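The structure appears right after this line, and notes come after that.
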């Protein structure tokens, strides 16, 4: 068998070359070069956990200055904190299961969002498409994995809820927090929860509420909004890794990933996800002060 194989190989190599297509050979060579470039890029790809570089010279103290925020932001959080109840969250999740709101491509969804200004954000008045492109571009420039770049591009697409049945912005945007247990003091503007019907509830108002320590964040209800909405969509309709799902679901859960709250409910899996969310957070938060990217240029980039 070995000699026959060798003979066959020699016969193939000695075939006449005059009928070969030179243009096809050149095209094949170009394709091989392109593959090698992609392989080289993959080799250079950095770990998700490597420290972000794009924000190394930025003054981080200038971000999330809620005490100096305008009345628009403060009024938003008062309404959100008063209306995010267990009853509302159960209803929202039930509606999610039985409503098809729209079908569109990722870019169509981004363009649809372009008219929304997030009333909860004190750091930017940019359109949503500009923020998404800023996040994805910052992740790309830092050489992070392609799946993480994609996560940066889509992480706020759940804000489409605003156009499809939301009661306002309070059930779409803003920092997230668990419902069904006591509201932690590390949530922004904690005193505004006193107007929430669950605040003094005999169960929901207690430290553990309807949960048990160590139950895992996957088993807790976070306040309904764009993060929860997109998380459930991407979990069912994509092959993104668990780290990407955590980045989407928890990137607005500041009392947890930055404030240290609700750690008693974490399981072993949550500690890995916490590291992933912290790796993603700079690209969501600190990219907002970068130059505005050109949507048209990036849309048609190969």
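Each Cβ is built from the backbone N, Cα and C atoms, and glycine gets one as well.
Nobody curates TrEMBL annotations by hand; they come from automatic prediction.
Now, the feature entries from TrEMBL:
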- 64, 118, 119, 120, 159, 174, 175, 251, 252: substrate binding site (BINDING)
- 131, 155, 156, 226, 251, 284: Fe cation binding site (BINDING)
Measure from the Cβ of residue 251 (Fe cation binding site) and count the other Cβ atoms within 10 Å, all protein chains considered. 25
What are the other residues, in sequence order, whose C-beta lies within 8 angstroms of the center of the C-beta atoms of 131, 155, 156, 226, 251, 284 at the Fe cation site? 132, 135, 159, 227, 248, 252
Taking 10 A as the limit, how many CB atoms besides its own sit near the CB of residue 155 (Fe cation binding site)? 27
When you rank 131, 226, 251, 284 by Cα distance to residue 159 (substrate binding site), which of the binding-site residues ends up on top as the closest? 226
Tally every other Cβ atom lying within 10 Å of the Cβ atom of residue 156 (Fe cation binding site). 25
